[in-house]
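K.L.:
Under the heading disulfide bond, Swiss-Prot lists Cys28-Cys52, Cys32-Cys48, citing similarity to another entry as support. According to Swiss-Prot, the feature motif 'Twin CX3C motif' maps to 28-52.
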Amino acid sequence: MAAQVTESDQIKQFKEFLGTYNKLTENCFMDCVKDFTTREVKPEETTCSESCLQKYLKMTQRISMRFQEYHIQQNERWPQKPDY
């Protein structure tokens with residue numbers, strides 16, 4: 001049976017997403033954009049921003065995989081008791 005996601009859980013997840021997005025945007029912007037003498041985004045700034053985003057996505061994917069591996073190991077080590 002699939003668990004229902006409540007509206008408050010959805011709001012919480014969305015707030016977490018926005019917080020992560022804002023933090024990522026700020027970090028990549030601060031690292032990559034150095035010249036404010038033109039309105040145009042320079043090619044090196046674009047490349048840097050794309051690399052920053054890719055690095056973040058790879059890092060979060062790796063952490064997620066390790067987290068799943070850890071939980072699998074824990075479940076194998078300590079099996080769940082059956083409900084009677």
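Any Cβ shown, glycine's included, is placed from N, Cα and C.
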K.L.:
Pop the Cα-Cα gap between Cys48 (disulfide bond) and Cys28 (disulfide bond) into the table, whole Å please.
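P.N.:
Cys28 (disulfide bond) and Cys48 (disulfide bond) have their Cα atoms 8 Å apart.
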K.L.:
Does anything in the same chain, at least 6 positions from Cys32 (disulfide bond), have a Cβ under 8 Å from its Cβ, and if so what?
P.N.:
Glu45, Cys48, Ser49, Cys52
K.L.:
Summarise the model confidence on the motif 'Twin CX3C motif' (28-52) as a single mean pLDDT, whole number.
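P.N.:
Averaged over the motif 'Twin CX3C motif' (28-52), the predicted model reaches a pLDDT of 95.
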K.L.:
Reduced to three states, what secondary structure does DSSP give Cys52 (disulfide bond)?
P.N.:
helix
